[in-house]
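Enquirer: Annotations for this protein, taken from Swiss-Prot, read as follows:
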type     : residues                                             : note
BINDING  : Asp17, Lys39, 66-75, Thr121, Arg182, Gln191, 211-212 : substrate binding site
ACT_SITE : Lys68                                                : active site, proton donor
Amino acid sequence: MAQADPADRDRLIVALDVPSVDAAKAMIDKLGDSVGFYKIGYQLAYAGGLALVPQLVDAGKKVFVDLKLHDIGNTVARGVESLTALGATFLTVHAYPQTMRAAVEARGTSGMKILAVTVLTSYDDADLTDAGYALGVRDLVEARARQALAIGVDGLVCSPEEAAHLRGIIGPRMALVTPGIRPAGSAAGDQKRIMTPARAIAAGASHLVVGRPVMEAADPKQAAEAIVAEIAQAK
């Protein structure tokens, strides 16, 4: 479960939220050696993007497969077993006990790390109430984090607003991956619980997931390099 301190460049994970493999490859070419870690989520994965994972790994990059698996234990386990062959560094599952246990058991000794998603960064207390939860965001995130730690997942995905609190619970070595990262002056978009890169690192995040501020920048490579520089200064 230990998480080594990654190089500054590899603490930035760029979300390849594009509709095609060709668009992803074009962005990867633009970013060059400024980015060493990419996230593939639903949009790209369902457009054939999982085939990019071994290609990126062969090119010396790391990949975060963000599928947020959640199903009965056997189904999750079989899915995880299939995904281990791709060579990804991270895979997400939702932080439900049965789902987490199945994923941890199925990944075996593959080296792929299981990250549990606590509460989506687009949710706030009102959203949880609408969904029927009795707990607010902070309490639900903490409860799920403690369950994940007991089950043996390798890391958590949480809002940067919860990073400092969770780092105190899980200790210094477990991965803590935070989306909802917006450099100063960037629009929040559909994220409700956001933070700048420097503040998120200072709060205890091990990795930052950044999409639109890089992908939609006039100069994506320059935008990525600026975030990496901010990460380095915040340590």
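Glycine is no exception: its Cβ is also placed from the backbone N, Cα and C atoms.
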Enquirer: Pop the Cα-Cα gap between Lys68 (active site, proton donor) and Thr121 (substrate binding site) into the table, whole Å please.
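Expert: Computed Cα spacing between Thr121 (substrate binding site) and Lys68 (active site, proton donor) is 13 Å.
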Enquirer: Taking the Cβ of His70 (substrate binding site) as the centre, how many other Cβ atoms fall within a 10 Å radius?
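Expert: Cβ-Cβ neighbours of His70 (substrate binding site) within 10 Å number 17.
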Enquirer: How many other Cβ atoms sit within 10 Å of the Cβ of Gly211 (substrate binding site)?
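Expert: The answer is 19.
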Enquirer: Quick one: what's DSSP say for Gly73 (substrate binding site), helix, strand or coil?
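Expert: Note: Gly73 (substrate binding site) is helical by DSSP.
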Enquirer: Can you tell me how many other Cβ atoms are located within 10 Å of the Cβ belonging to Asp17 (substrate binding site)?
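Expert: Within a 10 Å radius of the Cβ of Asp17 (substrate binding site) lie 19 other Cβ atoms.
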Enquirer: Using DSSP with the three-state reduction, classify Asp17 (substrate binding site) as helix, strand or coil.
Expert: coil
Enquirer: Would you mind listing, in sequence order, the residues at least six apart from Leu67 (substrate binding site) in the same chain with a Cβ closer than 8 Å to its Cβ?
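Expert: Spatial neighbours, sequence-distant, of Leu67 (substrate binding site): Gly41, Tyr42, Ala45, Gly79, Leu83, Leu91, Thr92.
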